[in-house]
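Reviewing the structure listed below.
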């Protein structure tokens, strides 16, 4: 393990040096640079940065395992997290880009001409991003801890220092180019092992095409063992839970402030459309690979581990048994390990693959660097978003409107440092499982921002009182349902806490519409501004007339 | 600045909105539609997998990616048809570097 430790450490340090080097090279100078990278990021690279921002420790480490353990029911995550980009790119991104603000709370406050709405939105941004980043830091602690063989708490602290350093230094511009590098590292780390695994099991280097062969054998294998069949739908929850979860993840994606902020960094509405399309290509590469990981790992566990002699298991099982993530107790005492005697944690599926497929220490080290890239890039984007909400939406717009650029940058940097440290301290002793925390963040986003943004962009009649009521009711309903389903045991149609967003979003939409209609219509200026969003940025709508913007402008 | 007919601008908006509704309907069918009819679809096999599983693991994601690119390409075409992308500015736009303050 000595050599493995050195190789992992070297690869992680080398990639970190690269990220920090890029961040230092691109040190932010102006306020606009700090938040939105001067709107000069080309769509392909912006797509990669969105991908890195998006794919967190949970996607990288946990998702393949979730699919392996849940079978068909786990696919709600695959469709939900990719489908969100349809809603985002079709319904929101180009219009938000044309409106031209730095942050989501700023858009909500200005569109609805309501300061209370801006403050609620800023608070919601902080709550959602903070919850999400606690999960990321906890995840990075697990990875650093496991791969560098140090205590998880020490691993978390190492992550905190790194994130605070480069987020505060570079701002969004540093982060954007850093995240492009992180995307390349994480996708290489994710795809290389599964390609080798496909070669070994199916003699085909393209896992996406070949894993069907393996999947088709599961039905017989499962029936022989008499266990829940992998391919049969709705064995782990009701059909409505599947749909509610998928909706929550889609709407949550379209309402997550740190993802939307990315679309403020493109030059034009056209670039926003292309960024969304490229982002889903880069994200899809990982999401299409996850079910292949799941199928291959399950196949190996069923055919090579289960059924073998208890004292003659493959060598790689021992190191994972030691971490407590895999349990192979021969409870029946017949000397053979039965499938039912094998208990595996979903989190090890991806991380254990290089060892299962015997790919050598370099690939294992690459895996470590990739997992760290996933955790750090998402956490970095979240921190910038929290900092923008605090320093821009709350400090500059409400507390000290006369603040200079320099002063606002300082507040932004300090809020990153403080937020990272506080999130890190909570992550030392996380309040729940990582995937659970992440799911709540999505439910909250789909209950608050999704209705407020969609109505704000598409419905001119939506007004200030409507959005304030909508945000508050959406938030309350989501939180109440999570609480009732989780602790009160009260559920509707079998929908559990992770699907709470569907109720929050419905309540948010209804409340916004009803309250808007029963109060005064928004001002003429607001109606004009929202009408203007119907047209591309070359056109300006004013006093019922449409003008073409001159090139010289 | 020169004025253009509001009717033209509204025709642009209607075209774009219609297209978006079509894209979203397709996206809805391949995800929610397949889930709703998962049981009957499971008897069909595609790439060695039952169709409902294939759609969840690959088909829906590939359709989403396809729709986003169709949207990006068709939208550029619509912009051009309405005369909103003039040629020399477009070159800058392709790289996305045109700074539009």
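Cβ coordinates are placed from backbone N, Cα and C, and glycine is handled just like the others.
Among the ranges A:359-390, A:519-550, the one that TrEMBL lists as transmembrane segment is A:359-390.
Taking pairs at least six residues apart, the transmembrane segment (A:6-28) and the transmembrane segment (A:117-138) share fewer than three Cβ pairs below 8 Å and do not count as touching.
Comparison of A:181-201, A:276-296, A:359-390, A:490-515 by number of C-beta pairs under 8 angstroms to the transmembrane segment (A:78-96) places A:276-296 first. Only residues 6 or more beyond the boundaries of the transmembrane segment (A:359-390), in the same chain, are considered here, and those with a CB under 8 A from a CB of the stretch are 3-4, 7-8, 10-12, 14-16, 19, 35, 52-57, 59-61, 102-103, 105, 122, 125-126, 129-130, 132-133, 136-137, 139-140, 143-144, 147, 159, 162-164, 166-167, 171-172, 175, 178-179, 182-183, 185-190, 192-193, 196, 257-258, 261-262, 350-351, 353, 411-413, 415-416, 419-420. Highest Cβ pair count under 8 Å relative to the transmembrane segment (A:181-201), across stretches A:117-138, A:276-296, A:466-484, A:490-515: A:276-296.
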